[in-house]
Amino acid sequence: MAHVEEHDHHEELPFWRKYIFSEDHKVIAKQYMFSGIFWAIIGASLSILFRLQLGFPDMKLEWLRPILGGWIDESGRLDPEFYLALVTMHGTIMVFFVLTAGLSGTFSNFLIPLQVGARDMASGFLNMLSYWFFFVSSLLMFFSLFIETGPASGGWVIYPPLSALPQAMSGSGLGMTLWLLSMAIFIVSQLLGGINYITTVINLRTRGMSFSKLPLTIWAFLLTAILGLISFPVLLSAALLLIFDRSMGTSFYLSEIYIGGEALPNVGGSPILFQHLFWFLGHPEVYIVLLPALGITSEIIATNSRKPIFGYRAMIASMIGIAFLAFIVWAHHMFVTGMNPFLGSIFMFLTLIIAVPSAVKAFNYITTLWRGNIVFTPAMLFSIGLVSFFISGGLTGIILGNSALDIQLHDTYFVVAHFHLVMGAASAFGFLAGVYHWFPKFFGRMMNKTLGYIHFWFTFVGIYLVFFPMHYIGIAGFPRRYYSFTTYEAFRTFGDLNMFVSLAAIMTFSAQFLFLWNFFYSIFKGKKAPLNPWKSNTLEWTTPLHPGHGNWPGEIPPVYRWAYDYSKPGANDDFIPQNVPYSQTPESNLPHENALIALEKEIEAQNYNDQFKQPH
Amino acid sequence: MVYVVGLLSLVFLVLAILVLTRLTSVLKGVNGGDTTEDIEQIGSGNRVNAMLFMVFFITGAIAAAWSFIHASKFFLPEASSPHGRHTDGLFWLVMAIITIAFVVTNALLFFFAYKYQYRKNHKATYYPENHKLELIWTVIPAVVMAVLVFTGWRAWRDITKDAPENALAIEIVGKQFNWEMRYPGVDNNKLGNYNYKLIDANNSLGIDLEDEASFDDFTVSSEMHIPVNRPVLLKIRAKDVLHSVFIPHMRVKMDAVPGMPTRFWFIADKTTNDMRNETGNQSFKYEIACTEVCGKGHFSMRTTLVVDDEDSYKEWVAKQKPWLTNNPDYLARVPEKLKAKAAKYIPTDSAATPADSTAAPAQEGAGGAPSASLR
C-alpha cells in the first residue's frame with residue numbers, strides 16, 4: 001500500500017486562499033456558521049421588534065428612531081407597512097439564510113467529508129462558489145433592509161399580485177426587486193452546494209463505508225440535498241416569472257387587476273400558479289430545514305444515551321418516506337385559495353400520511369433513551385428539546401392538514417405556533433445542538449458546559465412560553481400578519497396573552513447572548529479539547545485535533561461497522577468506533593458479525609477513493 | 001411599558017447570572033480535578049439536568065392545563081353555522097387525540113431522560129431494534145390517520161359541494177382596504193355580469209350594464225346583511241391583490257383572487273339578535289376580516305355582517321335602491337334594445353342630481369391607524 005504523506009507536499013496557501021476564498025470544506029463550513037449566526041441575530045431582532053408592537057401596542061418607540069428613522073411615525077408608533085416588512089424579512093431570513101444555509105451549509109459541509117471518510121468535498125471549487133454566491137445573496141438581502149422604500153413586505157411567501165405591483169405597497173418596489181435577485185442567487189448557491197453534497201456522499205465514501213453503515217446524519221444531509229436539488233429550481237422559475245411580470249409586462253400571475261385608479265392590461269394569468277410553484281419548493285423546504293436537524297439529533301442522542309439509535313433502518317426508511325411525501329403535499333398550504341376542493345381532499349390524505357413516518361421517528365428517539373446511560377451534554381439537552389418540539393409542533397399539523405379544520409385555522413396564529421415549533425424551534429435546536437457537539441472538532445476547544453445548560457433551559461422554557469400560548473390565540477381566530485387587533489371586536493381579547501408572549505420572546509432572545517458569549521469566548525479561551533470528547537464512534541473523531549487540509553494525515557481509515565456500537569455486551573468500553581475491525585473485538589461480536597471478519601481483507605483491498613491520490 | 005420590558009429583561013439577566021455563578025461553583029466543587037484528558041467527567045450537572053426535565057414536565061403540564069382552561073372561553077367563538085358546529089366537533093375530537101399523544105410522548109421523553117440518567121459503572125442496554133414494536137407504532141398512527149382522513153374528508157366534501165339551488169348569491173369584492181357587496185336585486189334574483197375594465201370612480205365593481213340582469217343589482221359597502229336559515233352563496237372576487245374573506249363565527253374562509261372568482265356557501269342559523277342574547281353582549285356584531293396579507297391596511301379591512309330574520313331582511317332589501325337608480329347617468333351604457341327595460345330603474349325626475357352612490361368606495365386606508373401615512 002502506498003503510504004505517501006500527500007498533504008505535506010502542499011505549499012502553504014496565502015491567507016486569502018486559506019481563510020477567505022478557501023476550498024477547504026472545514027473553512028467553508030465555518031464561514032457558513034458565522035454567516036448563519038450573524039443572520040440569526042438579525043432575524044431574531046426583527047421578531048423582537050414586531051413582538052413589541054403586538055405585545056405593547058401603545059408603547060412609545062421613539063427610542064428606536066435612531067435605528068429605524070422614519071419607520072417610527074410622529075406619534076412614536078411603528079409604521080404598519082414596516083410591521084409587514086419586519087415579519088416578511090424575519091421569515092425570509094430565518095427560513096433561508098439561517099435554517100437552510102446556516103444549518104445545512106455548516107453541518108453538511110463540515111460533517112459529510114469527515115464522517116464518510118473523504119479528503120474534502122467532491123469539488124472544492126464549486127463548494128467555494130456556493131458560499132460566495134450565498135455571500136452575494138446575503139449582501140443584497142442585507143442591503144434591502146436599508147433602502148428608503150423598505151424591504152420586501154408581502155410576507156415571506158411573496159404572493160403576487162401584492163409582490164408584483166409596486167403601487168400595491170412600498171415594499172413591492174426596489175425592496176422586492178432586491179429580494180428576488182437575492183433569492184435567485186441564493187438558489188444558485190444552494191444548487192451548487194447540493195450537487196456537491198450528493199456527489200461526495202455517493203462517490204467519496206471511504207473503504208467499507210457502505211450506505212448501510214452511514215451515520216444517520218449523512219443520510220439526513222444526503223436526502224436534504226436531494227430535496228433541495230429537486231425543489232429549488234422550481235422556486236427559481238417562480239421567481240423568474242415574477243421578475244418577468246414585474247419588469248417585462250408579462251402576465252403569468254396577473255389578471256383583471258384594477259389598482260391605483262387604473263385597470264391593468266394583464267389578463268389570463270393566475271396568482272394561484274405562483275402559489276403552486278412556491279409551495280412546490282415551500283413544502284420540501286420545511287424538510288430541507290428539519291431533516292439535517294433530525295440527523296444531527298439522531299447522532300447526538302445515540303452517542304449520549306450510550307446506546308445504538310433504535311431502529312436504524314426504520315429511521316432511514318422514515319426519512320426517505322418523509323422526503324418523498326414532502327413533494328406531494330404542497331397544496332395543503334392552499335386549501336382555501338379557491339383550488340378545486342377535490343384536489344384538497346387528495347392533499348389532505350397525502351398530508352396526514354406524513355404523520356406516520358414522523359411518528360415512527362419520534363418513537364424511535366424515545367426508545368433510544370429507554371434503558372440508556374444518558375449523559376446530559378448541552379448538545380444532548382438541545383437534542384431532547386428538539387424531539388419535544390418536533391412532537392408538540394408536529395401534532396398540531398394533524399389538525400392543520402385536515403382541510404375541513406383548516407378553514408377556520410388557516411392563516412391564524414395556530415399556524416404560526418405550529419410551524420415555529422416543528423420547523424423553526426426544532427431546526428434551531430438542531431443547529432445549536434450541532435454547534436455544542438462538534439465545537440471541539442471545529443475549533444479544537446470545548447465550550448463551557450454550565451453556560452450551555454443555562455442557555456438550554458432559558459431557551460427551551462422560553463420557546464414553549466412563546467409558542468404554546470400562541471395556539472390559544474390561534475384557536476380564538478386571530479389572523480396572522482395583523483399590525484394590531486383592536487379594529488375587531490372578535491380579536492380584542494387576549495391583549496394580556498400577547499404581552500406575555502412578547503415578554504417570553506424577549507427573555508428567550510436575551511438568553512441567546514449567553515450562547516454568543518460562550519461561543520466566541522470558547523473559540524479563543526476554551527479548554528483544549530480531547531480527541532474524542534463524547535466517546536463517539538464516527539470517523540470525524542479519528543482525525544487530529546486540528547485536522548489539516550485533507551483531514552487525515554495518513555491513509556483514510558477504512559470502516560468495518562455501523563456507527564452505533566454503543567454499550568455492546570461483552571465489550572470493554574461502552575463504544576466501538578467505526579474503524580475498529582470485528583477481528584479486534586471477538587469478545588463483543590454478534591454471531592453474524594463474526595462472519596464479517598472474512599470481509600475485512602476485502603474492504604482493506606478496496607479502492608482508496610482518495611481524491612488526493614490516483615486510484616489503483 | 002418600556003420600563004416594564006426593561007425591568008423584566010434585567011430581572012431575567014440577573015437571574016441568569018445568579019444561576020450561572022451558583023452552578024459553576026457547584027460544578028467546581030465536584031469536578032475539582034478536571035484534566036483535559038477526562039474533561040467530560042460526568043458531575044452533578046447531569047443529575048440537575050435530569051431532575052429539571054421532570055420538573056419541567058410537571059410544572060409544564062400544570063401550566064398548560066391551567067392556561068388552557070383559563071383561555072378556553074375565547075376559543076373557537078360560538079359557531080353560527082351548521083357546518084361550523086360540525087367542524088368544531090371534529091376539531092375537538094382531533095384535539096383530544098393529539099393531546100393524549102402529546103402528553104404520553106412528552107411524558108415518556110422526559111421520564112426516560114430522568115430515569116436513565118448516567119450512573120457510574122452502569123451500562124446501557126444494547127437494543128438496536130424490535131420489528132414487532134416498530135410495526136405496532138407504524139400501524140397505530142396509520143389507523144388513526146385513516147379515521148381522521150375519512151371524517152375530515154366527509155366534512156370537507158359537504159362543505160365544498162355545490163350550493164343548493166335556492167341559495168342567495170351575494171357578491172363580495174375585496175380591495176385595498178375594504179369589502180364591497182353586490183346583491184342580485186329583487187326583480188330577477190340574478191347577479192349581472194361584470195368586467196374589471198368597466199371599473200371607474202362610481203362603478204367600483206365594474207358592473208356590466210349590457211347585461212339586463214344587472215339593472216336591479218344593488219351594492220353596499222358599509223355592512224353585509226344576510227337572512228337567517230337560508231343558504232348563502234358568497235361569490236368572492238378581488239380587484240387588486242389577494243384578499244381572503246374570513247367570517248370567524250361562521251367558520252367561513254376563502255381567498256379572493258384577482259381574475260379567478262371563488263365561492264363559499266354556508267347557512268347562518270343564528271341572527272345577530274340571537275347571538276346578542278346568547279352571549280349576553282348587547283353590542284355583539286358578526287365581523288368579516290381579511291386573512292391574506294394585502295398591504296398596509298390589511299389589519300383593518302373590517303366589515304360587519306348582520307344576520308336578519310326573514311322579515312327584517314326583506315325590509316332591509318326593500319330599502320336598498322338598485323345601483324342604476326343611484327347612478328342614472330350610466331343609462332347611456334345600456335344598449336339601445338334594453339333601454340326600455342332599464343328605464344324602469346331610472347328615477348322619474350331624471351333632471352334631479354343623481355343621489356350619491358351608496359357604494360361610494362371608501363378612501364384608501366379606511367379604518368387604518370389614523371396617524372399612519374404613506375411616506
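Every residue number used here counts from 1 along the chain in the order it is shown.
Glycine is treated like the rest: Cβ placed from N, Cα and C.
If you look up TrEMBL, you'll see A:10-572 marked as domain 'Cytochrome oxidase subunit I profile'.
Feature annotation from TrEMBL assigns transmembrane segment to A:32-54 (among others). Below 8 angstroms of C-beta separation, residues 61, 64, 77-78, 83, 86-87, 89-90, 93-94, 97-98, 101-103, 105-106, 109, 131, 134-135, 138, 142, 145, 428, 431, 435, 442, 483-484, 498, 501-502, 505-506, 509, 512, 516, 519 of the same chain, each at least six residues beyond the ends of the transmembrane segment (A:32-54), sit close to that stretch.
Here TrEMBL flags A:82-112 (among others) as transmembrane segment.
What TrEMBL records for A:124-147 (among others) is transmembrane segment.
Positions annotated as transmembrane segment by TrEMBL: A:178-204 (among others). Outside the transmembrane segment (A:178-204), and at least 6 residues removed from its termini, the chain residues within Cβ reach (under 8 Å) are 92, 96-97, 100-101, 104-105, 108-109, 112-113, 116-119, 121-123, 126-127, 129-131, 133-134, 136-138, 140-141, 143-144, 147, 151-152, 158, 214, 218, 221-222, 224-226, 228-229, 232-233, 235-236, 239-240, 242-243, 246, 609, 611.
Feature annotation from TrEMBL assigns transmembrane segment to A:216-244 (among others).
Panel annotation: around the transmembrane segment (A:286-302), residues 95, 99-100, 103-104, 107-108, 215-221, 223-224, 227-228, 231, 308-309, 315, 319, 322-323, 326, 361, 365, 368-369, 377, 379-380, 382-384, 386-387, 390, 419, 422-423, 426-427, 429-431, 433-434, 437, 536, 538, 563-564, 566 of the same chain, lying at least six beyond its termini, place a Cβ under 8 Å from a Cβ of the stretch. TrEMBL lists A:286-302 (among others) with the feature transmembrane segment.
According to TrEMBL, the transmembrane segment annotation covers A:314-336 (among others).
Summarising the annotation, TrEMBL assigns transmembrane segment to A:342-363 (among others). Within its own chain, the transmembrane segment (A:342-363) has Cβ neighbours under 8 Å at 294, 311, 314-315, 317-319, 321-322, 325-326, 328-332, 335, 387, 390-391, 394, 397-398, 401-403, counting only residues six or more beyond its boundaries.
As annotated by TrEMBL, transmembrane segment applies to A:375-400 (among others).
Remote same-chain residues near the transmembrane segment (A:412-439) are listed as 33, 36, 40, 94, 98-99, 102-103, 106-107, 110-111, 286, 289-290, 292-294, 296-297, 299-300, 303, 377-380, 382-383, 385-386, 389-390, 392-394, 396-397, 399-400, 445-447, 452, 455, 459, 463, 466-468, 470-471, 473-475, 477-480, 515, 519, 522, 526, 529, 534, 540 (criterion: CB distance under 8 Å, separation of at least six residues from the stretch ends). Taken from TrEMBL, the feature transmembrane segment applies to A:412-439 (among others).
The transmembrane segment annotation in TrEMBL covers A:451-479 (among others).
Sequence annotations record features per position, and here TrEMBL assigns transmembrane segment to A:499-521 (among others).
Within its own chain, the transmembrane segment (A:375-400) is flanked in space by residues 290, 293-294, 296-297, 300-301, 304, 306, 332, 351-352, 354-355, 358, 361-362, 365-366, 369, 406, 409-410, 414-415, 417-423, 425-426, 429-430, 432-434, 436-437, 447, 449, 452-453, 455-457, 459-460, 463-464, 467-468, 471, 534, which lie at least six positions past its ends and keep a Cβ under 8 Å from the stretch.
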